[in-house]
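Positions annotated as active site, nucleophile by TrEMBL: CYS143. The annotation S-adenosyl-L-methionine binding site is assigned in TrEMBL to GLN16, PHE47, GLU68, ASP116.
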Amino acid sequence: MLRGLTFQISANSFFQTNTKQADVLYKLIEDSARLKGDGSEIVLDLFCGTGTIGLTLARRAKHVYGYEVVPEAIADARKNAKLNGINNATFVKGDLNKINESFGKEFPKPDIIISDPNRPGMHMKLIKWLLEVKAPRIVYVSCNPATCARDLDYLCHGVEEKDLGGCYELKSVIPVDMFPHTPHIECVCLLELR
Ligand SMILES: C[S@@+](CC[C@H](N)C(=O)[O-])C[C@H]1O[C@@H](n2cnc3c(N)ncnc32)[C@H](O)[C@@H]1O
């Protein structure tokens, strides 16, 4: 049980190992997302895993679209939506390192984007797409401060060698101790469109 929702997971799906702190992490993400709560907003949940973040936000959103590469995780996310009586969430299997021009055509323009990649961070194709789509807010969740700093820099200041301009302002970075007694740290970063 996380944020009042029940999750079923299978062996190949990612799931936060520190469940107690996962509750803290997801609450912080919800707070950073600052959904109006009137059911008018579109949420895009990138690297959605079993749907945890998107499903916690779905209660206050118009619709959530989740993308994830592991098919078992997508099957879990769909099951978890049903299990919790949530019918405004769509989960799609896709490799976010290989997006092409059609990415973004199958969902409305997002009001808020959550991006929670694994340690390598986001592919340049995804950075480019984010800089083009210009969602009002991005909540970037990361367990790797090095790739996190790189991706935040790209989103705020652009990528000179790709001729991409940055368009976000970093509003906050909140560390969460997901891995006690280790040097590792998770961060929840809020970016707002300039
Ligand atoms: C840090 S986990 C976050 C999962 C989920 N947001 C959560 O909180 O449980 C990163 C997720 O990204 C997925 N992933 C890794 N590479 C990907 C890619 N190229 N395209 C789409 N998803 C990917 C992983 O399978 C994993 O589920």
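Each Cβ is built from the backbone N, Cα and C atoms, and glycine gets one as well.
Structure with TrEMBL features highlighted.
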residue	record	Cβ contacts under 8 Å, 6 or more apart
GLN16	S-adenosyl-L-methionine binding site	ALA22, LEU25, THR52, MET178
PHE47	S-adenosyl-L-methionine binding site	TYR67, GLU68, LEU96, SER115, ASP116, PRO117, ASN118
CYS143	active site, nucleophile	ASN118, ARG119, MET178, PHE179, HIS184, ILE185, GLU186, CYS187
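Its Cβ placed at the centre, GLU68 (S-adenosyl-L-methionine binding site) has 27 other Cβ atoms within 10 Å. Other residues of the chain with a Cβ within 8 Å of the Cβ centroid of GLN16, PHE47, GLU68, ASP116, the S-adenosyl-L-methionine site, are PHE14, ASP45, CYS48, GLY49, THR52, ILE53, PRO117, ASN118, VAL141.
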